[in-house]
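Step one of this worksheet: look at the structure below.
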């Protein structure tokens, strides 16, 4: 009725309009909400994509870190293998060094044994030489005593022979006084001349023969006595000649023997000089080898091993060069360090010790050779008196003089 009446129609239209506006607003709000939803969904998708990218980046980073860790582990394993190889090489070098030291010790012991045998042989030779010199001295003294006895006996015979004409002249004086007076006058000068200068046995025999033919004393009994005395005189001359020939033969044999001994000593000195040169060269080579090995293995932590493995100084083998009755370090009077100190010694200290011991051994060897040579030359310088009164050198002196003259070019050996 109201509609019909027409009063409610505008009101309804207003309501419809309001409803339409509300619907339009709601539609706009719905569209806006849908648009907001779409924007939100778009943002969510973008966020999801960003999260996916972040996860991908994280996975990439994780893979990179894993690769880095794998590389680090591989490097560690490679370093461990390298260190193991280095240790193996070090052990092999140490074993090789130990074997070299063992071989060096064996060679040094062999050299010491050989040098000890050589010293023993030299001592035996020196003892034999001294015994020979002593026996030669004894035989020379015996010969001198025998010659002295022969001289005394010959002098007595000569005195008897010289006094015999005077006695015969004295016996024949009553029978021929002028002749005896003349013979007495001649006998006095003869006796004075005989006592002033004694001629040799041959001259005495000639003078006796001439004295037998002098006037006043050449009676038949005196001539017979002189003839009877000539036979022992000839025998004495023959004995003296045989003794002189035997002495000359003994002197020649002694000269030959001493010359052989001197040649042996000279050859021994040459050999010892060669041994000293070889020992010096060998010690220099060994020192250079030790320095080269220590220099090659001195990097990093290997220095202590090479320093601890240094070879000891070959002092006994090189100080045994001298030929005294002592041996080794006692001869050179050098105090050697113990084995621990030698193992811990530096190469420079080892080289200086080697040079010191070598120089001491060479000096002691030179001193011993000079002592032996002065001893031999001093023994050969003895002088004895001859039967005629002149001084004659011993045969050993003549032999050593010849040997010293022949060994003049080799004087560098003794120096």
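Quick reminder: no glycine exception, Cβ is built from N, Cα and C everywhere.
TrEMBL lists region 'Disordered' at one of the ranges 291-328, 329-366, namely 291-328.
DSSP states for the compositional bias 'Basic and acidic residues' (135-164), grouped as helix (H, G, I), strand (E, B) and coil, give 30 helix, 0 strand, 0 coil. Helix, strand and coil counts from DSSP across the region 'Disordered' (48-106) read 59 helix, 0 strand, 0 coil.
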